[in-house]
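This report refers to the structure that appears directly beneath it.
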Amino acid sequence: MAASVRHLQLTQLSAAGAGDDDDSGDLEDVRLLDAYKNSEENDEGVVGEATMKRIQVGVTGMTCAACSNSVEAALMSVNGVLRASVALLQNKADVVFDPRLVKDEDIKNAIEDAGFEAEILPESSAIGTKPQATMLGQFSIGGMTCAACVNSVEGILRDLPGVKRAVVALATSLGEVEYDPAVISKEDIVNAIEDAGFEGAFVQSSEQDKIVLGVAGIYSEMDVQILGGILSNLKGVRQFHFDRISRELEVLFDPEVIHSRSLVDGVEGGSSGRFKLRVANPYSRMTSKDVEEASNMFRLFISSLFLSVPVFLIRVVCPHIPLIYSLLLWRCGPFQMGDWLKWALVSVVQFVVGKRFYIAAARALRNGSTNMDVLVALGTSASYFYSVCALLYGALTGFWSPTYFETSAMLITFVLLGKYLECLAKGKTSDAIKKLVELAPATATLLIKDKDGRYLGEREIDALLIQPGDTLKVSPGAKLPADGVVAWGSSYVNESMVTGESVPISKEVGSSVIGGTINLHGALHVQATKVGSDTVLSQIISLVETAQMSKAPIQKFADFIASIFVPTVVLLALLTLLGWYAAGALRAYPESWLPENGNYFVFALMFSISVVVIACPCALGLATPTAVMVATGVGANNGVLIKGGDALERAQKIKYVIFDKTGTLTQGKASVTTTKVFSGMDRGEFLKLVASAEASSEHPLAKAIVAYARHFHFFDDSATKDAKSHSKDSEVSGWLFDVAEFSTLPGRGVQCFINEKQILVGNRKLMTESGIDIPDDVEKFVVELEENPLKREAAVVVEGLSKMGIRPVMVTGDNWRTAQAVAKESEIYPFVAVVTNIKCESWQVGIHDVRAEVMPAGKADVVRSFHKDGITVAMVGDGINDSPALAAADVGMAIGAGTDIAIEAANYVLMRNNLEDVITAIDLSRKTFSRIRLNYVFAMAYNVIAIPVAAGVFFPSLGIQLPPWAAGACMALSSVSVVCSSLLLRRYRKPRLTTILEITVE
């Protein structure tokens, strides 16, 4: 179907105005689990970062690490590309570039010029892209008669908050407005135009979304034309393309004009139900491509096997069957019938089935690189063309040398078998993402309501078409289709598949729920708040996918080896050929070693071919990425999200773990337990003053004080019973004093004026700085009460880390007495309290180091202080004030129940609010890199041992000779063995604390 239906006529936004994928640095825009940008991005600076665009490109044709290096080099050579990372296992490239200098098509062309096939991949979410920082909207304005009207409308529009630019044309009665959709909506702009006395309507915007739909019900060209007519009449549809083979419809549309569900409903309604549309899940489409690749490799293997077996039988079995052998010896022209058959069968294997090796080898050589395909093409070609030359030489001279057609055929067969097994094994490494994708239900039950919110009915829709604000019905036992808030009903929800928390969570009206989790008991009505790529599940998938695409630093070793491996092997093969041939010519070994009717050249050639085909660079290239893929998937299944291979590598070197206290080691839910007034003031009056001062603060302690005072005010014996019915807002506004000159004093408390009296609420430091002496009886009372309930697992985790050779440290902004109390309870030593640059030490038994009264910025300084000796440091925290320290640490670990900003700054996200996952994260990292080292040892040992054996080093002493076809089989199985070794990580189980602590449970 022809593409363009209508085109957007809007002026280009300036770079400063909006980028294609503008990632603003505002903390408010940070998503819960936004994809982690690696440290390279920060190192390169942020010049022009707002204008950068990021895309993913599917790359077909890569076979080993050398191929991925070639693609990476081709992309980095393009002017305007900031960063490019190519993942061999996923057959994808992640590219960050400046859209002002290079287009998407230029990226695709660069990969294709390098000899590979490329396809720009759609967004992870089937619907929607990330909104721009500013948007360009086109509005129709009716009623303008002169230039004065134009100036009036422009002035009104420019004065609106959030509007950056406004241009109005009298001739066309149109206005172009550049505005920030986070500040002002298109409806607000239309209302402003109408309030000025003109007619206003929204026409279109600069936004563009793409959706891919599977279409059922199309059987003829007439149906295609009907579909095109329906789409052409839908307002907001810009372009569309229908693929007749895949039956997929790709539509570009303006999301400000038409929503994806309206588009689907419009097509189905316009066809009177003749066409049925379903949203094509991008992850499912990628999985189908992997299955297709494995199926294609299996077909090639079967074809090669079918043609190679007769060749093998002609050479090995048929000579022992007189009747058949006599037919094969029958001369037909210049050659025997057996030679004709072998030549014909092997030619098909060599140039039809094995065509892919020649294409890939030519592609690599054209790019100035070498890979495994070069070795396979070289080895099989040497065997094939030598056999052809031997036949022709025999026909011309009458001297018949032995042929080795079966060597070429069996080599290709075994290599294809290895590739097929490798495809299957690599598919297993991405099982984690497949399982996460399967968590989301395919459909959802939408509750239909009128404008007044009255229930009208319900309908089943595609879960990918859910929109924010939709009310969804979730029956008992069903999966929640989107993130949202419970609007009606109560139930228990199993969130273990997302957070790893095994205990079902109680959900009532107002409770937040996560898409993909299971509703266990009661029916729920859920109002969707996050859909598409904004859901927690989609962000987890995106995070795992990004982590699997990232390269661990140890991978650089494999990349270097891959770059020199093939030339080195070819050189060794030439030396083997020359060495054995020269030794034979000099009669250094007896002629009895030669094959029947053979000569020194053929004898040397077979050793040389064996060297070429037995060497395997693939095993080295797969050693790291397969293990990283499996580990990130296993981590996600256990509630530990890892943001990249570099974080995984650093975590196994951790020597210090620095814990934030509040919310990390402790419960984090502050509460007031006792109140005592040391003056003649009424307790109720005292609490009212303190609560009034703290009501404007967002600190957890302030909220605890206000909650306690509110409870005392409304539920104390002197309070009226009917006060219970007061809402939260009315309680706050109705009973507190008016506050003036309120200010927050970070790390100390708050101050304000009430009835012209200064009120100070804070810690000892604030009182000391304000010249207020704390009496001894007050100090004694406070010290006795100071306590911070530890998480139940804190002390055990602290001891477990010590057993693992890791030194735990605690840092807190609290006073030193509170920190000391926590230190005692969690057995932490020595205690170090930092008070006005003076260290006070108190040796207890337990943790090694505690830092108290540390400001938020000081936490990052504490982390940096450990870096001086080159020690790897991890920081575990959950609050906004922990984010600088999380970013400063080698490995930042954010508790999943913490703030979005802390999670964004971290390298690891612990989905459960459980410290045991810190041990899981470190243990998984250690086991992963033990597996990677084992993979490298195997891959290196294989080549170090196999190449000398293939070269015939042990033939004179032990008589060991490896035929080329056997060498090919070894090569094919070596890479499969490495992948299978990585797959053993799937059996990983969380370490039992009883084992770490060496506790015997009877």
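Using N, Cα and C of the backbone, Cβ positions are placed for all residues, glycine too.
Where the annotation comes from TrEMBL, it is an automatic prediction and has not been curated.
Taken from TrEMBL as is:
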type     : residues : note
DOMAIN   : 53-119   : domain 'HMA'
DOMAIN   : 135-201  : domain 'HMA'
TRANSMEM : 305-328  : transmembrane segment
TRANSMEM : 374-396  : transmembrane segment
TRANSMEM : 408-425  : transmembrane segment
TRANSMEM : 557-580  : transmembrane segment
TRANSMEM : 600-623  : transmembrane segment
TRANSMEM : 936-959  : transmembrane segment
TRANSMEM : 965-985  : transmembrane segment
Cβ-Cβ under 8 Å with the transmembrane segment (600-623): same-chain residues at least 6 beyond its ends: 63-66, 68, 88-89, 371-372, 375-376, 378-380, 382-383, 386, 401-402, 404, 407, 411, 415, 422, 426, 558-559, 561-562, 565-566, 569-570, 572-574, 576-581, 584-585, 593-594, 932, 935-936, 938-940, 942-943, 946-947, 949-952, 955, 961-964, 966-968, 970-971, 974-975, 977-979, 982
CB contact flag for the transmembrane segment (374-396) and the transmembrane segment (936-959), at least three pairs under 8 A: no
PLDDT averaged over the residues of the domain 'HMA' (53-119): 84
Residues from the same chain, set at least six apart from the ends of the transmembrane segment (557-580), whose C-beta lies under 8 A from its own: 64-66, 69, 369-372, 374-375, 378, 600, 603-605, 607-609, 611-612, 615, 617, 620-621, 623-624, 936, 947, 951-952
Residues from the same chain, set at least six apart from the ends of the transmembrane segment (305-328), whose C-beta lies under 8 A from its own: 336-338, 341-342, 345-346, 348-349, 353, 405-406, 409-410, 412-413, 417
Intrachain neighbours beyond the transmembrane segment (408-425), with Cβ under 8 angstroms and 6 or more residues off its ends: 290, 293-294, 297-298, 300-301, 304-305, 307-308, 311-312, 345-346, 349-350, 353-354, 357, 376, 379-381, 383-384, 387, 613, 618, 622, 626, 964-965, 968-969, 971-973, 975-976, 979-980, 983
Beyond the flanks of the transmembrane segment (936-959) by 6 or more, those residues with Cβ under 8 Å of it: 557-558, 569, 572, 576, 580, 589, 593, 607, 610-611, 613-616, 619-620, 623, 967, 970-971, 974, 977-978, 981
For the domain 'HMA' (135-201), residues assigned helix / strand / coil by DSSP: 22 helix, 24 strand, 21 coil
Residue counts (helix, strand, coil, in that order) that DSSP gives for the domain 'HMA' (53-119): 22 helix, 24 strand, 21 coil
